[in-house]
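Inspection log for the structure reproduced underneath, given as structure tokens.
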Amino acid sequence: MLLQNFSNTIFLLCLFFTLLSATKPLNLTLPHQHPSPDSVALHVIRSVNESLARRQLSSPSSSSSSSSSSSSSSCRTGNPIDDCWRCSDADWSTNRQRLADCSIGFGHGTLGGKNGKIYVVTDSSDNNPTNPTPGTLRYGVIQEEPLWIVFSSNMLIRLKQELIINSYKTLDGRGSAVHITGNGCLTLQYVQHIIIHNLHIYDCKPSAGFEKRGRSDGDGISIFGSQKIWVDHCSMSHCTDGLIDAVMGSTAITISNNYFTHHDEVMLLGHDDNYAPDTGMQVTIAFNHFGQGLVQRMPRCRRGYIHVVNNDFTEWKMYAIGGSGNPTINSQGNRYSAPSDPSAKEVTKRVDSKDDGEWSNWNWRTEGDLMENGAFFVASGEGMSSMYSKASSVDPKAASLVDQLTRNAGVFGGPRDDQGQSGNSYSPYGGDGGGGGSSGGSSGGGMDVMGGTTRGSSSSSGDDSNVFQMIFGSDAPSRPRLTLLFSLLMISVLSLSTLLL
């Protein structure tokens with residue numbers, strides 16, 4: 001009997017260690033979480049510096065080149081995203097999907113509907129959320145296949161319920177003035193590879209829910225358990241909850257070139273200090289204009305790594321950047337202009353923290369930021385990690401260039417929207433990259449095949465493609481399955497029981 005128990009124990013222990021080695025390395029990383037976030041921040045800074053250098057080299061004062069070169073120089077602003085898609089040889093409207101090659105930061109590589117069909121929105125109605133009409137925006141976003149969604153004309157879309165968007169979709173408002181408002185607005189839940197570009201989003205209200213869904217919060221854009229998300233060149237204001245909220249293990253996000261006005265709680269990144277997966281949240285916030293009538297949360301962070309770079313903060317009433325739960329905040333090359341209220345000069349706020357003993361080890365960094373009207377940033381934590389020391393050897397461009405880098409923030413080519421919306425009007429795109437009005441698809445509300453490449457291939461990569469392939473390798477191990485963890489636990493219990501017999 002003793003020999004049999006001993007044999008069973010040996011068998012169970014062997015099985016235990018075999019399964020344990022199969023799960024090695026055991027980790028809880030999020031999909032698309034980058035193993036070295038400081039290296040991503042470094043690459044963003046390099047991209048800005050290189051784009052500004054190219055602009056300088058191509059300027060008429062430094063070159064006597066051809067008219068095409070002069071045209072390119074008039075297009076370039078030094079903003080690496082805009083220079084990528086606006087300043088190529090071809091008109092952007094003939095190659096809309098080049099936009100997918102132009103993201104930077106943690107959202108780099110977001111495909112959206114790249115290499116998918118073009119879907120043209122011709123119907124601005126939202127009469128039947130449960131069975132949407134072909135030609136409506138809702139019909140396009142619920143399709144399973146990759147789609148590049150464009151709009152046939154200027155339109156105001158009043159949503160009756162939240163707009164739930166499936167993976168591999170691009171909402172491309174270029175060439176038309178597209179306004180989205182109403183109940184729920186945009187919801188990205190457990191999806192990947194979404195690009196939201198050049199839309200007015202405002203006055204979003206909570207929706208009662210439909211089918212089996214509960215009540216929505218009234219966010220402009222709600223990102224829930226999703227990865228590879230890029231929000232670019234949107235104008236947002238006047239929503240019930242947040243303008244952009246990212247929670248529940250969302251990561252690999254870039255929020256760039258947007259124009260935010262007239263709102264209280266602007267941006268939430270992480271919903272609970274105790275939600276451990278949000279430690280893997282990684283967000284780049286770049287080239288945005290935080291304008292009139294904003295109060296707080298630009299952003300408000302929990303856990304994770306947030307890179308705030310070359311933004312223009314022109315107004316806040318409480319604070320600009322807040323956090324709890326030990327997030328890493330890397331602020332570089334921003335302009336912070338404090339309000340006149342002497343009690344609101346501090347850029348930062350450690351939310352719900354009683355004393356500095358609680359947050360003194362949080363890594364909140366400031367480098368190259370411009371502080372105006374008495375603004376000040378309270379840094380904390382380690383001076384620099386080894387990688388961050390390396391990153392700091394590449395200076396972030398001075399905040400004095402923020403005007404230049406954010407000059408086109410918000411809906412591109414439209415009027416600056418200091419009142420929160422600008423009506424259903426459209427101003428043609430300026431510069432050499434413009435070609436207003438082209439929808440890029442058929443006039444009908446259906447789908448038009450575009451190209452013959454497959455999803456995931458790159459038709460027009462930039463000069464930095466090799467670097468990005470190196471930085472954004474897919475070497476992160478997969479998450480362990482709960483069934484496997486439960487099996488390990490049961491084997492341990494059985495082993496212990498056998499030993500005690």
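One is the number of the first residue shown, and numbering goes on along the chain from there.
Even glycines carry a Cβ here, placed using N, Cα and C.
Per Swiss-Prot, the feature signal peptide maps to 1-22. Positions annotated as N-linked glycosylation site by Swiss-Prot, on the basis of sequence analysis: ASN27, ASN49. Among the features that Swiss-Prot reports, Ca(2+) binding site is placed at ASP217, ASP241, ASP245, with the record citing similarity to another entry. The active site annotation in Swiss-Prot covers ARG297 and rests on sequence analysis. Under the heading compositional bias 'Basic and acidic residues', Swiss-Prot lists 343-357. Annotation comment: Swiss-Prot describes 430-449 as compositional bias 'Gly residues'. Swiss-Prot lists SER474 with the feature GPI-anchor amidated serine, giving sequence analysis as the kind of evidence.
This view paints the features noted in Swiss-Prot onto the structure.
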residue : record                      : DSSP class
ASN49   : N-linked glycosylation site : helix
ASP217  : Ca(2+) binding site         : coil
ASP241  : Ca(2+) binding site         : coil
ARG297  : active site                 : coil
What is the separation, in Å, between the Cα atoms of ASP241 (Ca(2+) binding site) and ARG297 (active site)?
11
Length of the line joining the Cα atoms of ASP217 (Ca(2+) binding site) and ARG297 (active site), in Å:
16
Take the C-alpha atoms of ASP245 (Ca(2+) binding site) and ARG297 (active site) and report the distance between them in angstrom, rounded.
10
Chain residues outside the compositional bias 'Basic and acidic residues' (343-357) and at least six past its termini with a C-beta under 8 angstroms from it:
296, 300, 313, 316-324, 329, 331, 336, 364, 371, 373-378, 380
Taking every protein chain in this structure into account, which of the binding-site residues ASP217, ASP241, ASP245 has the most other Cβ atoms within 10 Å of its Cβ?
ASP245
Excluding ASP217, ASP241, ASP245, please set out which residues of the same chain place their CB within 8 Å of the center of the CB atoms of the Ca(2+) site, keeping sequence order.
SER216, GLY218, ASP219, SER222, CYS239, THR240, GLY242, LEU268
Which listed residue (ASN49, ARG297) has most other Cβ within 10 Å, given these are recorded positions:
ARG297
Reported as an integer number of Å, what is the Cα distance between the residue listed as 'active site' and ASN49 (N-linked glycosylation site)?
28
